[in-house]
Structure formats: C-alpha cells, structure tokens
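Here the structure comes first, spelled out in structure tokens, and everything after it is commentary.
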Amino acid sequence: MSRSDTRLRAAQAQLVGEAQKRGTGSKVMYRKLDVTDAAQVLETLAAAVQDLGPVDLLICNAGAAHLGYFHENDLETFRQQMELNFFGVLNVVHAVYGDMVRRNQGHICLVGSALSTFGLVGYSAYCPSKYAVKGLADCLRNELQGTHVKISFAQPPDTDTPGLAEENKHKPPETKEISESGSTVYKPEEVAAVLMGGILRGAYLLPTPDLGLQFNAIATKGLLPRSFPGVLVDMLFSCIAPLAHWFFVGMFDRVARRTAGRRFSKLWGIGLERQAQEGQG
C-alpha cells in the first residue's frame, strides 16, 4: 500500500516474478492509499482483508523527511511531519490491532529511523515524529504481553531510495557534513534482508546492517526485554557507549558551532554573524 500507483505496479511486477521463479503460487495485490486519511485506511484495509484474508504481518514503512532549520520551518511543516510519520502509522496500526488481538495472532512492525533516538541540526521537524513511533512501539510491546500478537521496531540506516535522494537535495550544509562524516548508505535489499531476519525470529528491536547504529541502538534501548547471555553484551556496551557518545556528540556540536553564523545570519544580522565567526576562529 502506498500513494504512488507507479511504484506499486513496479513492486507488484517484481514480487509476482519472484513468486513465479520460486513456484510459491503467491497472490500479489496492491492498494493505493494515503495513510494520513484514517477513513480511507479503514476502507482500503477492509477491501484487502475481504480479498486476501486477515492481516498476519503488518509493516508500517510510510514516511518522509522534511529538512530545514527550526526557525525557518513554519508550524504547518511540523504538523505535516507528525501527520505522515506518526499518525499515518497510528491510523494503520489502529485499523488492524483489534482484529489481531481477537484472533490472538499477528505481527506488527513499526519502522522508525536511526534518528528515533538522537537528533541533529536540520531534523527538528522529522526526529520528533520518529521518536513518537518508537514510543508507540514500546507501549504496545508491553501492552501486548499475554497475547500471541508480536511487535517489532526497526531503526534502519540511510538506505538508497528515492526518498533519501529527495532528502539529500534539501539537507542544510552542516547536516550534510555530519551525515557524511560517519554514515554509510545501504542497498534496500540489504536492509530488508536484515530486518526480515529479525521479524522471523520474533525480535522486538530489529537489527541494522550498520554496526555503529546497531551499537547505539543497544546502548540506548532503555526499558526493553533482554536475554541471557545477551544482557552481558548490553552491559559491556553500556560501559563503552558513553565514550563513543562523547566523541560523536563533540564532533556534531563542533560542526554546529562552526556554522552558527551562517545558520542564524538572518536572525543575528551581519554584525553578530561576523562576531560569531570570529569567536570560532
């Protein structure tokens, strides 16, 4: 399900070809859908269930990033990001949740972001919406205890998609500098394979192919279930994480301080901009 009919047709053709190659006889259908329209979500899912049966695995991957400085974004931009990235997810989950619990089976995967646990300059409209998705997933994980309905949360790295290409067109210079200092762009197939492996294992916090982001995800997982002996690894990471965070936060903040004069030039005026630049010299 997506808003893009062209991409949906292409995805359907690819999946049908793969099903034929493997001889699975799978039925592949798609529905054009705007996840921000709650009524349309209910109607579309009802039609899909009638054609294919109840939802066994729901993956909520809709989302987009609007980049820009906080003071240059209008309030509508923040609302739109929450509407798509959080409420779009909420609308779909809410539509299937009751039926999954009634049947006492099913799996929900909420796709957040590597930026679901930390924020950077330029992402003030995007990050809060992805933090909210993680908060929803954490609550549902606990609330679904005692049922056979599973939930997973994904924090994928930068992935080579049209969405990332569009995002890169609008990245502020310092955001681009920070991103390029330690970020690797992964192929969609690589990310999907790792995520599906975690889903099939029934994991809550899904793995990521990026070792640095995986390290951060473990170090910042908070009040989530831990296994033994995995908890020993978590304890080790918790000892090392402050040092790694000190290094990277220091690097990110240095970039932000160095570029403050340009970033706030319209608010400070030329004189203060020059003073800020001299202060960094």
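In case you wondered, yes, glycine gets a Cβ from its N, Cα and C as well.
If you look up TrEMBL, you'll see 166-179 marked as compositional bias 'Basic and acidic residues'.
Positions annotated as region 'Disordered' by TrEMBL: 152-183. When DSSP labels each residue, the region 'Disordered' (152-183) comes out as 18 helix, 4 strand, 10 coil, counted as helix, strand and coil in that order.
Per TrEMBL, transmembrane segment is recorded for 235-256. Non-local neighbours of the transmembrane segment (235-256) in the same chain are 120-121, 174, 177-178, 181-182, 215-216, 218-220, 263; each lies 6+ residues outside the stretch with a CB under 8 Å from one of its CB atoms.
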